[in-house]
Each structure stands twice: as C-alpha cells, then as structure tokens.
Amino acid sequence: MPDRSTKTTMGTEDMHERKVSVEPQDSHQDAQPRGMFHNIKFFVLCHSLLQLTQLMISGYLKSSISTVEKRFGLSSQISGLLAAFNEVGNVSLILFVSYFGSRVHRPRMIGYGALLVATAGLLMALPHFISEPYRYDHSSSDNRSLDFEASLCLPTTMAPASALSNGSCSSHTETKHLTMVGIMFAAQTLLGIGGVPIQPFGISYIDDFAHHSNSPLYIGILFGITTMGPGLAYGLGSLMLRLYVDIDRMPEGGINLTPKDPRWVGAWWLGFLISSGLVVLASSPYFFFPREMPKEKHEFHFRRKVLASAASTASKGEDLSSQHEPLKKQAGLAQIAPDLTLVQFVKVFPRVLLRNLRHPIFLLVVLSQVCTSSMVAGMATFLPKFLERQFSITASFANMLLGCLTIPLVIVGIMMGGVLVKRLHLSPVQCSALCLLGSLLCLLFSVPLFFIGCSTHQIAGITQDLGAQPGPSLFPGCSEPCSCQSDDFNPVCDTSAYVEYTTPCHAGCTGRVVQEALGKSQVFYTNCSCVAGNGTVPAGSCESACSRLVLPFIVLFSLGAGLASITHTPSFMLILRGVKKEDKTLAVGMQFMLLRVLAWMPSPVIHGSAIDTTCVHWALTCGRRAVCRYYDHDLLRNRFIGLQFFFKSGSLVCFTLVLAILRQQSREASTRTTVKSSELQQL
C-alpha cells in the first residue's frame, strides 16, 4: 500500500488533472493516454486467458488418466490420488494467500504462480523422457525393436529364457518406477501451489480497479472464458492420444498397434508440453502490470463527473476520496481483519469457521455442494476411462465425447442458473427450490444409466460365465505343450466363438502372418489349436457388440450433469444471503476450502478404489499388482453409477432440508410481522 506522502502526491496530481480537464482543450489524461498495462479491460483479457490455460493443464491429466495407468502400471486408486494431489498444495497455502490479499504486488504474484504451473506441467512430462521406450509385448528383450516378437506357442525346450522367467525385474527397475511416480506426485503438488494466487488475486484486482458497475460484467466474462478450459483439455487429450506414446523415438518401420488395441498408449506427455507453453505465454504480461492502476471511470458518465468535480471544491474532495477508496481495500480474508498479524489471523480463523458451521443454512448448502463436487470430481477424473472400458471405445473418442457434449452442457447449466436468479430476482426460498428441482431432475436422469452398458465378453480362463458351451481355462489342454507367460498380454479374438485369449500362446497359435489391406497392416495368428475351423485369429481384443449404446449413455449423463450445474449460482447466493455481512468474505473462502478438502481431494480416490474392486484380471510387474487389464463390466457400471447416484442423493437431501428450514423461517417472520401489525392497530 502506498504511504501517506505517496497518497498526497497522488491526490495533488489527480486534482491538477481535474482542473485541467475543464479547459476547452482535451484533458491531460486524454493528451497523454496510459498504456494498455494500465487498462483494466486488458487485465481481464489476460487473466481470462491465463485461467483458461491453467485449467487446461490441470484438467489434462484427467483426460489421459487411463493412458498414464497403462504406461506406468498404476491402479485406479493411485491414479485417483495423483489426480487429487494438486489440491494438497492448494489447500496448504490458500489461507496464507487469503491473508496477504493486496499487501503484495498481485500481478507479479500471479505471474510467478503461473510460472510454477508451467514448471509443474514440464515435470509431468519428464518421466517420458527419462524412462525406457514403451514395451507393449513382454516377449521381446529388445526395447527398441521395431517389431516385438509374437508370444507364440513354443515348446518349453524352444522357448527363450526371457519367456520363462521374470528376468527384467530388479531393485533398480522398481526404484526407477517409484522415481517416475514420485516425480508426477511432486509435479501435481507444485501445480496446486502455483494455482493458489491466480484466481483470488486476479478477481480482487479486477474488483478493486474496475468501475463498480463494470466489475460484475468483467468477472462474468472471466468465468465464462475460464469454464472452457476443461473442455479444451479433453479436446487436447483426444488429439494427443491418437498419437503413439513414443512418437519422438519411433523404431524404424513403425509399430503393429492401432488406437483400438488395448495395449495402445497415446502421447500423453505431449499435451503437458503444449499446455505449459501456453501458460508461459499467458503469464508474461503480468510482470508489466502495475501494483495499482487508476480506478476505471464509467464510459458514459465520464465528462459529466469531471465537470461536476470542477464546479465544487467539496465535490472534488469527495470524488478524490472515492477515487482512492479501492486502494485501501484488502482483498481476501484480510479484508475484515486488516490489522491482525498472520499469527493472530490463524488463531481467529477457527473460531469464525465454527461460528459459520453452526449456521444451519451455511452448513447444509456447503454439504450439498460437497456432494455435487464429489460427483463432478469423480466424473471428470474417471468418466473417460469408464466409457473406454464399458463400451470398448478408444480413449481419444471418450475424451471427445466429454469435451464436445458433457462440458458444454455443464457450462450451459451454470449460465442458466445465473440467468434465472438474475432475471426472476429469486429470493432465498426460491433459490433453494431451484436447487432442489435441479438436483431431483439430475437424479431421475441417472436411473436409466444403471441399465445402459455392455456386459463383459468371454475371456478364456478369466470370466467364469462362458455361455452354454464349456469354455477353455487359462491353461487348457490345447495349450499345455506351450510355454506361455502368465503375465504376458497380447490379446487375440476367436471371432467364431467370440472368445478372447490373453495371448496367441494361450490360444495355441504357432504361426504369425501380416496382411496388407487399404494401406494398413493386419496381424493374424495361425495354427491355433484352441480355435475351431481354420485355426486363425486376428490380433486385438474382441469388438463390443453394444458400443453404439455409448451415445444414449453420454447424452443422458450429460443432461444430468447440466441439470446439476444449474444449482451452482443459486446455492452460492444462498451462502451469501445466509451469513452475517461481516462473515461473507470468510464464508466464501471457507466454502472453497471445504469443497477442496471434503470433495476434490477424496472423491477421485474413492471412485478409483471402487473401480479397482471390479477388476477381474490384474497385470503383475515384478510381483506387484499393476494396471487392471479386464473389468467386470456390469459390476463396474453399477459401482461407478452407484457412487454418482449416492452423491446426487446426498445433494438432494441437503437442498430439501434447506428449503424446509427457509420456509419455516419465512413463516415465523410472517407471523411476527402479523403480530406486530395487530399490536399497532390495537394501540
């Protein structure tokens, strides 16, 4: 904050400018216009782009979560923890940032935070560059081989040594794996720390220096542009996952994989590099914005205000004080306690937190938002993977569905909620009724989702129900002479019986041919003793017979998500109108902190753990459980949609209680008013 002499100088210069402005010539400000870095509109543009790119980089991991699992052998529980770990860094520092408010150079702090976010994105991509090339077939000992040897049925005496032992495992291998995972967790923590100052400092800066009538418009534009970030993240993920993971170090001659192959791993790391570059570009203007800029004057009333200020000395003094009033505002939580030290602030905060938590409306609305946010966090993290596994579609197509349908409908829902609150001037009771209606409709749209999906197809030796005909086991008699690796994964499909084998070896195949058709190569395995007919099977998993159901599923799911998002603005208004005026700033800060701690941190882990319980076949790496290769689709659908249904039901119950309490308070207030009126009439 400027000292007294600085304020006096600023006031003298401002009064001089006002005196000059009444002359026939143009004002001094018009004669010497300030640069674009002293224009709050340019700051709004820059901040919109920065928050857009920040959400791109934070949302990109969710778009490639299943790919990262396959590449580094992670369970869904661990990947969910990884996706939620950026909230750890965010929550650990949010109180300190809220305390400091405008006591620091906010634009520069935003710039430094953005550079940390970009650094975190680069760290997320680092494991790709320090790890060995991806091996999609364990039967080859040469990591850089163009065409990995097929895992064929070979007699034990002819099998290579690598096929009979897990010789690639060592303490060095496990240490390297832990290092890769540790780097990604550190990057996610840094991502959360870097994002701490960006939104609160940006909003407070806009509110301080924008005209009071323009501030809501600017913040609305900011959020409108920002909400496109997750959609762009899923779109970027859709594009990047079509490229092979080792596109920068492809073996000569290419690979024999397509994106439909379950072993396919896309270029997950490339999206982090692109997003990081965009964040760096968006952060560069912040180092040129001033700590404080002149208060924006309303465009249509500027000259009238200038003439009025010149007509009266008293008016000058009032205008001058109003001109500098925003400079005295403290952004964040320090606004209500500017004289407290940091230690005193930390001591006061728990008492204010408990006071607000004892407020029934605040508590119930926050709990409903926790339920909704838990649903959204689980959806954003694992819905692409769910679609990929449930309907046997590619990761790229799953991301495209979310980015093109689900995210836009959520944005429309948020906008509709805001428009309804503004246009209809909804009271707290009406806001709670709107929230209740949105939650109820969202819940109803979720019911059909339990019945739309694909059952697990027959997998030899893994699924128990193989139909009327007895199916082969993992080591049937037809493949007993073969030396098959139990941890190898190179699926083939017997299209005549619609049975999938984990490797050609388990199907008893001894030969392999590659056929060229329409510019594409197709791999076939021949002389398969476990396959009827000509004994030939194509490489790859069996195609799902109900993949077309993904469209009605995602439409219903997206409509439900859009209806749930209608509650965003009215529930926020319930908090603002339901707490004491002096607690509003703290209430909003506590709301976001509680949502992070109770929803955005645990929900991805909860959803990931639920998904892991539906796995029927795990890949093993050095004796430890790694990525899941096959799920029980019916169980996966029931548990994933069931979790979503549970959180939606919790939100509905909370909003029902809020509406009941507000109606009771309204009736009591009406009764008191009637009694007072009767007493006055009697007097």
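Along the chain as shown, the residues are counted starting at 1.
Any Cβ shown, glycine's included, is placed from N, Cα and C.
Some features that Swiss-Prot has for this protein:
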TOPO_DOM  1-41  topological domain 'Cytoplasmic'
COMPBIAS  13-30  compositional bias 'Basic and acidic residues'
TRANSMEM  42-61  transmembrane segment
TOPO_DOM  62-80  topological domain 'Extracellular'
TRANSMEM  81-101  transmembrane segment
TOPO_DOM  102-107  topological domain 'Cytoplasmic'
TRANSMEM  108-132  transmembrane segment
TOPO_DOM  133-177  topological domain 'Extracellular'
TRANSMEM  178-207  transmembrane segment
TOPO_DOM  208-226  topological domain 'Cytoplasmic'
TRANSMEM  227-247  transmembrane segment
TOPO_DOM  248-265  topological domain 'Extracellular'
TRANSMEM  266-290  transmembrane segment
TOPO_DOM  291-355  topological domain 'Cytoplasmic'
TRANSMEM  356-377  transmembrane segment
TOPO_DOM  378-397  topological domain 'Extracellular'
TRANSMEM  398-421  transmembrane segment
TOPO_DOM  422-425  topological domain 'Cytoplasmic'
TRANSMEM  426-449  transmembrane segment
DOMAIN    472-532  domain 'Kazal-like'
DISULFID  CYS478-CYS509  disulfide bond
DISULFID  CYS484-CYS505  disulfide bond
DISULFID  CYS493-CYS530  disulfide bond
TRANSMEM  554-576  transmembrane segment
TOPO_DOM  577-585  topological domain 'Cytoplasmic'
TRANSMEM  586-611  transmembrane segment
TOPO_DOM  612-644  topological domain 'Extracellular'
TRANSMEM  645-662  transmembrane segment
TOPO_DOM  663-683  topological domain 'Cytoplasmic'
Nearest of the disulfide-bonded residues (CYS478, CYS484, CYS505, CYS509) to CYS530 (disulfide bond) - Cα to Cα: CYS478
Local Cβ density at CYS505 (disulfide bond) - other Cβ atoms counted within 10 Å: 27
Secondary structure composition of the topological domain 'Extracellular' (612-644) [DSSP: H/G/I, E/B, coil]: 13 helix, 15 strand, 5 coil
The topological domain 'Cytoplasmic' (422-425), counted residue by residue under DSSP: helix, strand, coil: 3 helix, 0 strand, 1 coil
Which of CYS478, CYS484, CYS509, CYS530, the listed disulfide-bonded residues, has fewest other Cβ atoms within 10 Å: CYS478
DSSP state at CYS493 (disulfide bond), helix/strand/coil: strand
Proximal but sequence-remote residues of the same chain as CYS493 (disulfide bond) (Cβ under 8 Å, at least 6 apart): VAL499, GLU500, TYR501, VAL537, PRO538, GLY540, SER541, CYS542, GLU543
Cβ-based contact of the transmembrane segment (586-611) with the transmembrane segment (266-290), 3 or more pairs under 8 Å: no
Residues of the parent chain within Cβ reach of the transmembrane segment (554-576), under 8 Å, 6 or more residues beyond its termini: 361-362, 365-366, 368-369, 372, 375-376, 379, 383, 387, 401-402, 405-406, 409-414, 416-418, 420-421, 426, 428, 431-432, 434-435, 438-439, 441-443, 445-446, 448-449, 452, 584, 587-588, 591, 648, 651, 655, 658
Cβ-based contact of the transmembrane segment (227-247) with the transmembrane segment (178-207), 3 or more pairs under 8 Å: no
Tertiary contacts of the topological domain 'Extracellular' (612-644), as residues 6+ beyond its ends and Cβ separation under 8 Å: 69-70, 73-77, 166, 169, 173-174, 177, 262, 375, 378-379, 382, 386, 389-390, 446, 449-450, 453-456, 459, 462-463, 486-487, 489, 502, 606
